[in-house]
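Below is one structure, written out as structure tokens; the observations come after it.
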Amino acid sequence: MSPSPIEIRPLSREEVRSLDALAADEFGLSTLVLMENAGRGAAAYWAETAGDAGPPKVLVVCGPGNNGGDGGVMARHLDAWGFPVSLAWFAPPESIRGDARVQWEILDRSGIPQQARPDAEPDPAALDALFADADWLVDGLLGTGLARPVAGAFRAVVEAMNRSGKPILALDVPSGLDADSGEPLGVAVRARATVTFAARKFGFDAPGASAYTGEIAVVDIGLPGKLLRRFAR
Ligand SMILES: NC(=O)C1=CN([C@@H]2O[C@H](COP(=O)(O)OP(=O)(O)OC[C@H]3O[C@@H](n4cnc5c(N)ncnc54)[C@H](O)[C@@H]3O)[C@@H](O)[C@H]2O)[C@@H](O)CC1
Ligand SMILES: [K+]
């Protein structure tokens with residue numbers, strides 16, 4: 001019997017970001033623990049649904065924040081489970097900080113292939129070649145930290161991911177999708193599926209959002225029942 005956590009209603013971007021902060025400040029839960037639960041949950045969901053025709057090659061696309069960190073955790077678990085996985089961090093190495101930096105270091109010491117692609121104006125053909133070599137893409141570029149329309153390098157990356165024709169698993173929120181309105185901010189990843197952490201986001205139920213989210217799975221990141229009950233349906 002697999003236990004199911006207390007059902008939380010869909011949350012706003014601010015509510016879900018406050019959940020993470022409360023878990024740390026009020027309950028003393030390390031954000032690294034939450035990140036580990038998120039990334040491992042995403043890996044387990046994907047491994048159960050991914051193609052069974054031999055282990056597909058996975059490229060995890062990471063941004064500089066905790067969404068990227070989730071991608072790093074997922075990559076480590078997929079590697080340990082025998083999947084060929086590599087990562088591309090679309091940020092200057094020095095901008096990868098905090099929990100995401102921790103994941104970068106662990107991956108580096110684990111010999112998992114990863115590269116930093118800090119180009120402010122990435123060459124579209126180079127992005128096409130990078131994505132053509134993978135069977136699946138994981139979108140760990142932007143999550144609830146999205147705070148402005150996607151432009152510049154991130155826009156080029158999102159557009160290249162979408163035109164690659166590869167199935168995409170989005171982590172938490174498809175990059176570029178506003179978690180409250182369910183509308184793309186400039187441009188957004190069109191995912192085959194979205195693994196979202198702790199709770200669905202308001203915007204996922206907006207008309208048209210499913211073109212970006214694809215199938216939605218909620219992953220329990222280990223928040224205490226007392227905190228979950230404040231947001232129960
Ligand atoms: N905080 C926590 O305890 C947890 C957070 N989690 C993950 O953390 C994510 C939120 O992480 P962050 O707050 O670090 O932010 P993100 O990782 O979503 O975004 C990274 C950074 O991108 C920048 N940014 C915002 N809009 C941009 C744009 N349009 N173009 C370029 N850069 C832009 C911001 O500086 C932001 O900090 C969640 O979506 C989830 O995936 C999970 O690990 C669960 C636990
Ligand atoms: K994402």
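Keep in mind that glycine also has a Cβ here, set from the backbone N, Cα and C atoms.
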Matching residue for the K(+) site, where TrEMBL names ASN67, SER175 - out of ASP99, ASP139, ASP205: ASP139
Given TrEMBL lists ASN66, ASN67, GLY68, GLY69, ASP70, GLY143, THR144, GLY145, LEU146, ALA147, ARG148, PRO149 for (6S)-NADPHX, the same-site residue among ASP123, ASP128, ASP133, ASP172: ASP172
Alpha-carbon spacing, ARG148 ((6S)-NADPHX binding site) to SER175 (K(+) binding site), which is rounded to whole Å: 11
Candidate nearest LEU146 ((6S)-NADPHX binding site) in space, where candidates are the binding-site residues ASN67, ASP139, SER175 and distance is Cα-Cα: SER175
Whole-number Å value of the largest CA-CA distance among ASN66, ASN67, GLY68, GLY69, ASP70, GLY143, THR144, GLY145, LEU146, ALA147, ARG148, PRO149, ASP172, listed as (6S)-NADPHX-binding: 22
Binding-site residues whose CB lies under 6 angstroms from ligand 2, from ASN66, GLY68, ASP70, THR144, LEU146: none
Residue among the binding-site residues ASP139, ASP172 whose Cβ has the most other Cβ atoms within 10 Å: ASP139
